[in-house]
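Colleague: Structure provided below as structure tokens; questions to follow.
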């Protein structure tokens with residue numbers, strides 16, 4: 001494949017002078033779709049980037065041809081990127097920006113191997129989305145348990161409606177960078193922001209992580225309905241009611257309700273639950289067409305975090321005692337062999353109820369601005 005073929009449909013990079021931008025030494029952990037696209041984006045911005053992966057063939061391909069033959073064979077990556085299969089102490093200490101882009105189910109193991117080898121003064125960003133299936137814990141909790149402070153408070157979580165291939169093509173995108181540390185969130189914003197890649201900051205790490213994880217569960221359900229032949233009305237209902245479930249779970253965990261109407265909330269959910277580019281939507285679609293889950297996972301070619309997240313989310317909603325019918329039905333479909341017909345009937349025949357719960361005043365008694373009376377999706 002020629003260089004021209006590798007860069008087809010890729011927009012030119014727009015250089016904008018920015019006195020606040022410092023050229024960083026970046027390390028990206030994970031050579032999959034999202035890790036590769038973030039590495040390429042950081043290199044586009046003039047940073048020196050090392051990308052770590054365990055597959056020597058992929059790393060060799062990146063170093064020799066600047067192409068990730070496994071995940072991005074149609075695009076030539078920046079020559080500023082070098083690959084490695086070794087995480088030396090020297091590399092970790094010299095990288096002042098580290099981006100974690102490895103599936104959540106491996107997070108505890110990977111971070112345990114990094115414990116005591118990281119510099120707390122460096123920027124640590126997490127681009128993975130999911131819930132640990134063995135414990136039901138979010139990335140925020142795993143980081144606290146494994147790395148402790150100050151890493152937990154300083155960690156930045158990157159999330160939003162983004163497909164990796166569109167980032168590589170330099171198509172306009174927008175994400176949220178959430179951290180308990182405003183200074184670290186702004187550091188991530190300065191590091192990743194570009195004319196075609198807008199970055200907004202947030203302090204709601206829980207809401208961003210809950211949204212990023214659970215939208216994958218809803219996306220599988222949306223894909224399944226589409227595979228079964230249902231159309232736009234059904235998909236819109238699934239997405240909207242799915243957002244209600246995500247919000248209820250997030251609020252129980254202390255999230256800011258406004259997060260769910262932002263990029264990391266409804267933005268990411270809309271994208272993931274309505275496009276065949278989404279791996280989780282694809283899993284559901286193929287299930288709807290009658291394929292078995294083991295076969296889909298074996299032939300998908302990459303990780304669909306939503307499958308294991310469904311298992312973890314089911315445990316979480318039971319622990320929190322939250323009404324989450326879609327999460328519950330998806331768990332039974334994926335792991336208890338619930339027939340699809342029975343699942344559809346279970347959702348369609350639930351008791352009738354108000355769309356909102358909480359105190360909702362009649363029109364003649366609408367409270368004045370600033371009233372504490374609120375209602376959330378039921």
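Note that Cβ sites are derived from N, Cα and C of the backbone, with glycine treated the same way.
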Colleague: Please identify which of 248, 279, 286, 311 is recorded by TrEMBL as part of the NAD(+) site containing 30, 31, 32, 33, 34, 35.
Modeller: 279
Colleague: Let me know which member of 115, 121, 129 TrEMBL also records as binding substrate at the site of 279, 280.
Modeller: 129
Colleague: Given a separation of at least six residues and a C-beta threshold under 8 Å, show me what packs close to residue 31 (NAD(+) binding site) in the same chain.
Modeller: 51, 52, 53, 55, 58, 59, 62, 68, 70, 71, 83
Colleague: 10 Å Cβ neighbour count around residue 34 (NAD(+) binding site)?
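Modeller: I count 22 other Cβ atoms within 10 Å of it.
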Colleague: With an 8 Å cut-off on Cβ-Cβ distance and a minimum sequence separation of at least 6, pull the same-chain contacts of residue 35 (NAD(+) binding site), or say none.
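Modeller: Those within reach of residue 35 (NAD(+) binding site), by Cβ under 8 Å and sequence separation of 6 or more, are 28, 29, 51, 53, 99, 101, 102, 127.
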Colleague: Return the maximum Cα to Cα distance in Å (whole number) over the record's substrate-binding residues: 129, 279, 280.
Modeller: 13
Colleague: Work out how many Å separate residue 279 (NAD(+) binding site) and residue 215 (active site, proton acceptor) at their Cα atoms, rounded off.
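Modeller: Per the Cα atoms, residue 279 (NAD(+) binding site) and residue 215 (active site, proton acceptor) stand 12 Å apart.
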Colleague: Going by Cα-Cα distance, which of the recorded positions (32, 33, 215) sits nearest to residue 280 (substrate binding site)?
Modeller: 215
Colleague: Tell me the Cβ neighbour count for residue 215 (active site, proton acceptor), meaning other Cβ atoms within 10 Å of its Cβ, over all protein chains shown.
Modeller: 31
